[in-house]
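Encoded as structure tokens, the structure appears first; notes follow it.
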């Protein structure tokens, strides 16, 4: 429906007039400019109005009607619709001032007395229709602004020029912990309390600064917001002034976000948008009210523009009727698309969703759009960047519906969370590694903040202190929980507690003998190290490692008790042992001299023998040696090697006698194959002798190969040395269920019975003539027994004239662990 340019387009006017002639006249006057519908009684108009969606732009009501009067219709309509939502013009022949007041009090916007001037009627109707249409435009725009601000992931608070709260979006409710009903109209400073993270000093409210200075300001780093429940969240924010068309400061918009994830792994970041304050009643009854409505709309658009510039989200506006999508500059800054490459249809947007995510996202969109009572939508998916890579995004949307709940528009905001996701994954991996290390260590570990409250504890800490779960100690004052004392039971005060001193001074503190109280009240003797945690040269906490030394303390007490008992025993037997001790000292001196002499000889000989062997090896590599020189040098080398073996025997003897037995390094070994190899190598030095090597059963086990070599060489060398040249020597290994037995047998004269009893003692010789021939120092069999004993085995010997001489060594397959101490 058209009209001249001064008339609002497509206006709808309903006329209530019981006079056919007057109704026809008014209809003819209005129809060139508006769509007019007439009613002859109030009930029919009210019934039609109840079903109309949307309602008309203006009602013209005749005062005098049969049945329900125009004044009653006016009162009823005004109960359902505001003055700008549905303007009313009263028509009446009653021109008294009291009637005028009564009509306006009933809710009429304007009043025309019959008979009226046609031009005047048209002018008043035009004004009311324009007021209604502008108010409706403002309502739609404000609804769009509000929808956008409710869809983004940033917290937004708006205040008036006095700093009192006029708007709080849902994210701000979540971050601050305050509801809109609790904060409406309150000063921002009463609910938005911020402090420095490290100094704990209050930070100036950015809104107060904007009101004072009149320009955009932001928060400094390390700012904490104290929520309603007293908990704290790190935030960053910015505040911008809101001005009307004349530049007058109308209020402030505060945009902030919770950066807890960013503080840990530089995760999800959100910026906030400004909110348009709830629209005030737009128009009264004059053109001045229209100008004020336009000014309010302009200010709202400015606030929305400020919010668009403040956020880094990609904001999209999807017209579901035309299937077109518009974007803010965030689509370029986040994903790298030039403005000319951004499509305006919904299909362009959907094509850029990762193929694996498209169906899921599309189904979720269709579900919220098709459900009449659904408004909020959220999805996480991958979105194609201009460079061909995909970004992880969080997308929130809000569905706008018409009066019959059909979806006509959807507004939302996308956030790029790629960096946050990668940081979180890396953080999770490091955290899992760190927790694995903490859980694996046998030492107790706990961490505490700068106030001495426990912030973590590993399983060893819980076990040593007697707690079943970490929740029992988290957040507790660890000094009060453990009731720290000195070894003598004196309580450690905060001034003398080493752990708290580390917190106070920032220096490492270690203590060797103090006690902590377990959950069951028992005292735990510990040695601990307290290491402060520093950030920006400030102590932010400490890590304490400790170990249980209760067993050591118990052993010390037991040692003290045994010492006292020994002292008593010594006192009781002292008189009886005087003579014996004198003899013992003489024997001990002889033994010490023997061992001292052996040690000195072996150590002092090893270095020159090494030089002799090395020199002989070097000389043997010379090409110009003649036969005589070669024979002499070879004799020198062989003599040096024999002397080295004797030195080694002396060292083993010294270690076996003075130390705790010969050290061994067991490894997996096949005794049959290994003994055969060693025996064959020994046989190479006496090729004229006959050596039989036999094996039975399983030969697998764990023994020290170097020591077994030494054992076999000593036994086999003795057998070859002390048996007739024509007599064979037999080496036999026999596998038993839990051990392997090595037997070395030779014929010839038996070992004298008197010598057999001392055969395995050091520096003992079976036959002086043999020993002189073999240049023996009498340590070979002593070392054989020491090697067997080190493996948990035994050595036995049988020697008769009829059977010859057999040495039998029994070695368990698995060497028992060496007893501590």
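Every residue gets a Cβ built from N, Cα and C, even glycine.
TrEMBL does not curate its annotations; it predicts them automatically.
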Practice item. Could you tell me which of the ranges 217-244, 245-272, 273-300 is annotated in TrEMBL as coiled coil? Key: 273-300
**Study point:** Per Cβ pairs under 8 Å, the stretch of 12-129, 300-372, 377-429 packing most closely against the domain 'PAS' (141-214)
**Key:** 377-429
Check your understanding: Against which stretches of its own chain does the domain 'PAS' (430-471) lie, if we need a Cβ under 8 Å and a gap of at least six residues from its ends?
Key -> 477-479, 481-482, 500, 503, 516, 518-520, 522, 524, 526, 533, 539-548
Check your understanding: What count of other C-beta atoms do you get within 10 angstroms of the C-beta of residue 62 (4-aspartylphosphate), across all chains shown?
Key -> 24
Point to revise | Helix-strand-coil residue split for the domain 'PAS' (300-372), DSSP-based | key: 42 helix, 12 strand, 19 coil
Exercise for review: Provide the three-state DSSP residue tally for the domain 'PAC' (377-429): helix first, then strand, then coil.
Suggested key: 12 helix, 30 strand, 11 coil
Point to revise | Integer mean pLDDT for the domain 'Histidine kinase' (600-815) | key: 82
